[in-house]
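Participant: What follows is a structure written as structure tokens; I'll ask about it next.
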Amino acid sequence: MTALSSENCSFQYQLHQANQPLDGNCLLFLIILGKILLNILTLGMRRKITYQNFMEYFCISLAFIDLLLLVNISIISYFRDFVLLGIRFTKYHICLFTQIISFTYGFLHYPVFLIACIDYYLNFSKTTKLAFKCQKLFYFFIVILIWISVLAYVLGDPAIYQSLKAQNVYSYQCPFYISIQSYWLSFSMVVILFMAFLTSWSEVTALVQAVRMTSYMNETILYFPFSSHCSYTLSSKKTLLPKFIICFLGTWLPFVLLQVIILLLKVQIPAFIEMNIPWLYFVNSFLIATVYWFNCHKLNLRDITLPVDPFVNWKCCFIPLTIHNLEQIEKPISIIIC
């Protein structure tokens, strides 16, 4: 599989030639199918929550676009050469559609990250309060708008048009775009996690050594000692940071290690593969932890309208809770749901 990479902010595209026949459609079909199964598995594993947020709607829209791409590839592969609404479709269009999707996915990382940040900030500041139905329509509109805007940019960019035109000339090649946005986003998050761990490594080590595992209310939990003077309104960023690190890495450590390997080895992954739902939920957890940490001075953990993470139970990592059934527990403890 050939790759189309970007080197700087001006989006210069380089075409890496290879003797890859376009008949690799079967491999492309299997890759998209595997991605869709991963999307379904991830959506099925997440916590069923009623809290509305932008990232949830965007993840569902991404799963729908992936499914739509798979259907298009299947139809064109089956009929091979046909005319629909006056347009002739051939195997070439399989590569063309996948290239367009790759460019679109590649340019979505920054906008999605930024809009999710704004969404969580507004929910924390409570500057906007919409009815449930209005909120659903608002998020739906924002998701549609961001897809249309990025797709319009991709189709209107002269450099992208030239690369697609070059592929039409050399029809035996099917290069895919490698997103520079995902690289820098992943690099930034890994660096921030590393710096956070370095600044509180002693506290993290002490908490990890104090962790015990048990079963509570039909769930497997980890718990560690919690100071008795804490309340539901937290103001110390220093005491929260190691708990956030443990909660985050307790869920996403394999994914963090995967990002480190990809960055160190400079692995080039086509954008239509790299933009996936597990990646988005990883970014989502990072954003929620960051927003919690920066707003800890006004964080009221009894407030059920706070951002809810589908995979990490942030409340349970720092709420004082006494469990009377646990043996020889005299202090309040903090719970982390695994």
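Glycine too: its Cβ is placed from the backbone N, Cα and C atoms.
Here's the feature list from TrEMBL:
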type	residues	note
DOMAIN	24-292	domain 'G-protein coupled receptors family 1 profile'
TRANSMEM	27-45	transmembrane segment
TRANSMEM	57-79	transmembrane segment
TRANSMEM	91-116	transmembrane segment
TRANSMEM	137-156	transmembrane segment
TRANSMEM	176-198	transmembrane segment
TRANSMEM	244-265	transmembrane segment
TRANSMEM	277-294	transmembrane segment
Participant: Under 8 Å between C-beta atoms and at least six residues away from its ends: which parts of the chain pack against the transmembrane segment (57-79)?
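Facilitator: Residues 25-26, 28-29, 32-33, 35-36, 39-40, 43, 89-91, 93-94, 97-98, 101, 112, 116, 139-140, 142-144, 146-147, 272, 275-277, 280-281 contact the transmembrane segment (57-79) from elsewhere in the chain.
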Participant: For the transmembrane segment (176-198) and the transmembrane segment (244-265), check the count of CB pairs under 8 Å (sequence separation 6 or more) and say whether it reaches 3 or more.
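Facilitator: Output yes: the transmembrane segment (176-198) sits against the transmembrane segment (244-265).
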Participant: Give the nonlocal contacts of the transmembrane segment (277-294) in its own chain as ranges (CB under 8 Å, at least six residues past its ends).
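Facilitator: Residues 38-39, 42-43, 46, 55, 58-59, 62-63, 112-113, 116-117, 120-121, 124, 182, 185, 189, 237, 240-241, 244, 247-248, 251-252, 255, 307, 309-312, 314.
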